Amino acid sequence: MPTVDDILEQVGEFGWFQKQVFLTLCLLSAAFAPIYVGIVFLAFTPDHRCLSPGVAELSRRCGWSLAEELNYTAPGPGAAGEASPHQCRRYEVDWNQSALSCADPLAGLAANRSHLPLGPCRHGWVYETPGSSIVTEFNLVCDDSWKVDLFQSCVNVGFFLGSLGVGYIADRFGRKLCLLATTLTSAVLGVLTAVAPDYTSLLLFRLLQGLVSKGSWTSGYILITEFMGLGHRRTVAILYQAAFTVGLVLLSGVAYAIPHWRWLQLAISLPTFLFLFYYWCVPESPRWLLSQKRNAQVMKIMGHIARKNGKLPLVDLKMLSLEEDVTEKLSPSFADLFRTPQLRKHTFILMYLWFTSSVLYQGLIMHVGATGANLYLDFLYSALVEFPAAFIILVTIDHCGLICPLALSNLVAGAACFAMIFISHDLHWLNITVACIGRMGITIVFQIVCLVNAELYPTFVRNLGVMVCSSLCDLGGIITPFLVFRLMEVWRGSPLILFAILGLVAGGVTLLLPETKGVTLPETIEDAENLGRIAKAKENTIYLQTQTAERAGT
């Protein structure tokens with residue numbers, strides 16, 4: 001019985017058709033970057049101070065510079081790295097008094113400024129920025145600063161909830177239908193976010209966008225890997241994730257050019273409507289169609305691939321169309337992920353790895369953003385290190401497999417976080433350098449864990465397995481903003497201690513997973529259970545006809 005990989009060898013494993021589909025879907029991966037980490041620019045917190053009625057007029061009358069105005073009318077600065085009192089507190093003084101002098105307006109009110117009463121910023125804030133963000137528009141500072149954390153957590157809540165439903169839809173109704181539906185919904189919600197009239201509706205649209213946007217990215221990832229032949233599958237999967245890094249780099253440039261958050265949100269949302277052209281550009285996955293026993297459509301798609309790649313139609317396909325299919329198609333079930341001992345172990349370990357990778361990846365971005373000097377450059381530098389991460393994966397996995405690089409990268413990320421605890425804040429360049437090393441390590445983890453996750457589950461439940469396990473990534477994303485910013489209020493290095501522990505433990509448990517290098521992609525639950533037990537590695541193939549687990553065991 002010929003396999004899909006056998007057929008692809010004849011019609012072209014990476015011909016013109018696969019290259020066109022690959023480049024087309026990479027645009028989808030790049031467009032996901034602003035949704036995942038766009039908070040860095042959409043919700044940046046500029047320097048700010050309390051708005052005190054009368055201060056601006058007094059400053060103009062006295063001819064003060066901004067520094068003099070702050071020195072004369074605002075509470076003094078706090079400790080390094082902490083919010084200054086002038087950001088959240090103001091002197092309870094009537095600045096419209098005509099008796100106030102320009103030399104030292106508070107001298108006549110109290111001998112020592114510390115004796116003057118302080119009060120909250122009742123009249124709002126003045127922000128030192130030429131642009132705008134949701135922070136400046138909705139005043140999400142001081143007592144309401146936690147609402148910025150909630151804004152990012154909402155999209156991760158959406159990722160988490162969507163993982164449970166979108167993965168099932170992709171396996172039950174097809175990758176292509178799932179991709180088109182989620183892409184359209186995400187584009188509409190992105191535009192609605194840009195025109196949200198208040199903070200509550202902003203959270204709602206952000207949550208709903210999270211429900212569908214990750215499903216769109218994952219469906220594209222699965223489609224790419226299932227269209228490719230054996231020799232190119234891993235490479236294109238890694239490059240698809242590297243396209244996400246391209247999105248990060250472009251985001252920093254677009255955000256610099258468009259400093260106003262509503263226009264920025266529109267700029268990153270409107271182009272995603274173009275992905276609806278995928279209806280004509282990208283066919284359904286033949287592997288999924290086979291798992292659903294729709295052989296006629298598989299023949300049609302394979303014939304299309306052959307023509308695109310300049311190959312002749314194959315006899316094997318015609319023979320397949322005449323075969324009687326007496327097996328029943330398999331439907332994915334959440335219970336299948338825990339049905340056998342090995343699958344249970346793999347599922348729990350993958351869940352932890354996804355959780356850890358999310359906490360460290362987002363946590364390092366947020367920590368660098370909170371302690372960095374230049375928002376755009378620091379973001380760009382940390383994004384650029386993801387390119388060598390992809391190169392390292394490409395040159396090592398064929399020789400070392402996946403498990404050893406995955407374990408080592410977790411250890412590197414954890415060690416980098418541990419080292420940052422002891423680096424002085426004044427050595428900003430060293431902090432950024434070590435943070436970039438940690439970012440490179442956790443980026444490698446993120447890219448490899450996708451490959452490992454997809455290769456440890458049988459075909460009919462593969463997309464569901466990726467979505468369910470990666471849902472722990474979303475759970476990590478939900479709590480990471482609160483972990484970073486609230487722990488930093490206790491001590492700047494507190495989040496790094498947690499990151500180090502998570503990364504080092506992840507490096508250890510990774511070694512409990514079986515190596516998938518040169519091993520047959522599992523077709524049934526029995527195949528997945530036997531991973532790592534096969535004495536002789538087989539060629540990495542997936543059978544043309546999917547059998548039920550019960551029949552496979554007989």
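Every residue, even glycine, has its Cβ placed from backbone N, Cα and C.
The transmembrane segment feature in TrEMBL is assigned to 21-44 (among others).
Annotation source TrEMBL lists domain 'Major facilitator superfamily (MFS) profile' at 100-518. The average pLDDT computed over the domain 'Major facilitator superfamily (MFS) profile' (100-518) stands at 83.
Below 8 angstroms of C-beta separation, residues 35-36, 39, 43, 134, 140, 177-179, 181-182, 202-203, 206-215, 218-219, 222, 332, 334, 463-468, 470-471, 473-482 of the same chain, each at least six residues beyond the ends of the transmembrane segment (150-170), sit close to that stretch. Look at TrEMBL and you will find 150-170 (among others) tagged as transmembrane segment.
A Cβ distance under 8 Å defines the sequence-distant neighbours of the transmembrane segment (177-197), meaning residues of its chain 6+ beyond its ends; these are 28, 35, 166, 169-170, 205-206, 208-209, 212-213, 215-216, 219-220, 223, 262-263, 265-266, 268-270, 272-273, 275-276, 278-279, 282. The transmembrane segment annotation in TrEMBL covers 177-197 (among others).
Among the features that TrEMBL reports, transmembrane segment is placed at 203-224 (among others).
Counting same-chain residues at least six beyond the ends of the transmembrane segment (236-257), those with a Cβ under 8 angstroms from any Cβ of the stretch are 14, 18, 22, 25-27, 29-34, 36-38, 40-41, 220-221, 224-225, 228, 264, 267-268, 376, 379-380, 383-384, 386-387, 390, 393-394, 443, 446-447, 450-451, 454. What TrEMBL records for 236-257 (among others) is transmembrane segment.
Annotation comment: TrEMBL describes 263-282 (among others) as transmembrane segment. Packing against the transmembrane segment (263-282) from elsewhere in the chain are residues 20-21, 24-25, 27-28, 31, 34-35, 38, 41-42, 176, 179-180, 183-184, 186-187, 190-191, 193-194, 223, 251, 254-255: each is 6 or more residues past its ends and has a CB under 8 Å from a CB in it.
The transmembrane segment annotation in TrEMBL covers 349-369 (among others).
Annotation comment: TrEMBL describes 375-395 (among others) as transmembrane segment. Within the chain carrying the transmembrane segment (375-395), a Cβ under 8 angstroms from the stretch's Cβ atoms is held by residues 40-41, 44, 235, 238-239, 241-242, 245, 248-249, 251-252, 255-256, 364-365, 368-369, 405, 432, 435-437, 439-441, 443-444, 447-448, all 6 or more beyond its ends.
Summarising the annotation, TrEMBL assigns transmembrane segment to 402-423 (among others). Packing against the transmembrane segment (402-423) from elsewhere in the chain are residues 353, 356, 360, 364, 392-393, 396, 430-431, 434-435, 437-438, 440-442, 444-445, 448-449, 451-452, 455, 493, 496-497, 499-508, 510-511, 513-517: each is 6 or more residues past its ends and has a CB under 8 Å from a CB in it.
Marked as transmembrane segment by TrEMBL: 429-452 (among others).
Among the features that TrEMBL reports, transmembrane segment is placed at 464-484 (among others). For the transmembrane segment (464-484), the list of distant contacts is 146, 148-150, 152-153, 155-160, 163-164, 166-168, 170-171, 210, 214-215, 218, 221-222, 332, 334, 336-337, 347, 350-352, 354-359, 362-363, 366-367, 370, 450, 453-454, 456-457, 495, 498: same-chain residues at least six beyond its ends, Cβ to Cβ under 8 Å.
Under the heading transmembrane segment, TrEMBL lists 496-513 (among others). Here the transmembrane segment (496-513) has long-range neighbours at 345-346, 349-350, 352-353, 355-357, 359-360, 363-364, 367, 403, 406-411, 413-415, 417-418, 420-421, 438, 441-442, 445, 452, 456, 483, 487, meaning same-chain residues at least 6 beyond its ends whose C-beta is under 8 angstroms from one of its own.
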Please work out which recorded stretch in 21-44, 203-224, 429-452 has the most C-beta pairs separated by under 8 angstroms from the transmembrane segment (349-369)? 429-452
The answer for the transmembrane segment (203-224), taking Cβ pairs under 8 Å and residues 6+ beyond its ends, is 21-22, 25, 28-29, 32, 35, 150-151, 154-159, 161-163, 165-167, 169-170, 175-176, 178-179, 181-183, 185-186, 189-190, 192-193, 196, 236-237, 240-241, 282, 285, 450, 454, 462-463, 466-467, 470, 474
